[in-house]
Amino acid sequence: MKGLGGVVLVFMLINLAITCNGQLRRGFYLGKCKGGNVEAIIRGVVQAEFKNLPNGPKMAAALLRLQFHDCFVTGCDASLLLDGPESEKMAPPNFSVRGYDVIKKVKDALEFACAGVVSCSDIIAVATRDAVVLSGGASYRVETGRRDGFVSLKSNVNLPSPSITVKDSIKVFADQGLNKTDMVLLLAAHTVGITHCAQVHGRLYNFRNKGKRDPTMRDDHFNSWSKTCPNSGGPNKEIALDQTPNSLNIVDNGYLKQVKAQGGVLEIDQGLGIDPLTAEIVRSYADGPLSKLFRSHFGEAMIRLGRVGVLTGKNGEIRRTCNAVNNPKPVQPKPAIQPKPAGPTPKPAGGLTSLGL
């Protein structure tokens, strides 16, 4: 969410126009990898990284954010993984995206087991699911069969800020074929997310450039967050988007309970619980009739997210390495600049003025 890990969930403001050939399906790789079961191999790597890395418990936040950032820019095609001076990685909203190393380790394991079979875009979807499960979320059956895209441009990364309104956010999600319930559920990935003081400072001290705090912010939250993020500045410290005790790295509905109680950290978080367009959805998943279904419904929303703008069939490719296309186009050398002849430029036959080209 861009937010998962440095700040908000990441969304695209443009409509996707990607053709699909074929369909995603569950169990796409069954019988296609002679070296083992594809999803079991992915799960083994993710479990090892989760257990052995110091930041393992933060893996769900990292991979959720990575998947959101990828899918909301030209679709779920692993374009975010491509390197290059003008790639999506070079767009400021992606500077703090993490999890590339986990995806690489999974890809290396799969290339060893069955080279050229599993796409990087499918690895993102399955590895994210496995990290969610390790963080207390419900398992969901990921649809696979995606192929990887060829294009990654930072100019395609057009992402709204944490201060986006609920109405505008609904529009952003609708452009991707996701409804407002999907939006609430996917923003609830903030249950394992963090932001930084730079993204909260405006709500604390200069809300909408009026020199005052956000009037919807409760006193207890202002007193707590202003100590972490003083008006005088200082380190750009982390703030958990889910303030529920002992719940920072747990996929649960604690974030929605907090939002319902007018405790959203980011402006979009706060808006979800206040705006009539979404307040009832938040209440229902926080402590209403759908509260016990949050984990399973979150997984279903992730499945729907994974369908956005996918390449299947003969479109795209299966990359050998996730950070580069298989056959990059060679860089064309620039033509040598020819020295201009001395004297005036001669006129071409017919008396037309030369453009000097």
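Note: Cβ is positioned from N, Cα and C throughout, glycine not excepted.
No curator has checked TrEMBL annotations; they are predicted automatically.
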Checking TrEMBL: of C114, C120, C197, the cysteine bonded to C322 via disulfide is C120
By a 10 Å Cβ neighbour count, the lowest-scoring of the disulfide-bonded residues C76, C197 is C197
Expressed in Å to no decimal places, the gap between the Cα atoms of D252 (Ca(2+) 2 binding site) and C322 (disulfide bond) is 31
Binding-site residues D70, V73, D77, E88, P160 vs C33 (disulfide bond), shortest C-alpha separation belongs to D77
Nearest by Cα to P160 (substrate binding site), of the recorded positions V73, E88, C120, D242, C322, is V73
For C76 (disulfide bond), the spatially nearest of the recorded positions C114, C120, H190, T191, D242, using Cα atoms, is C120
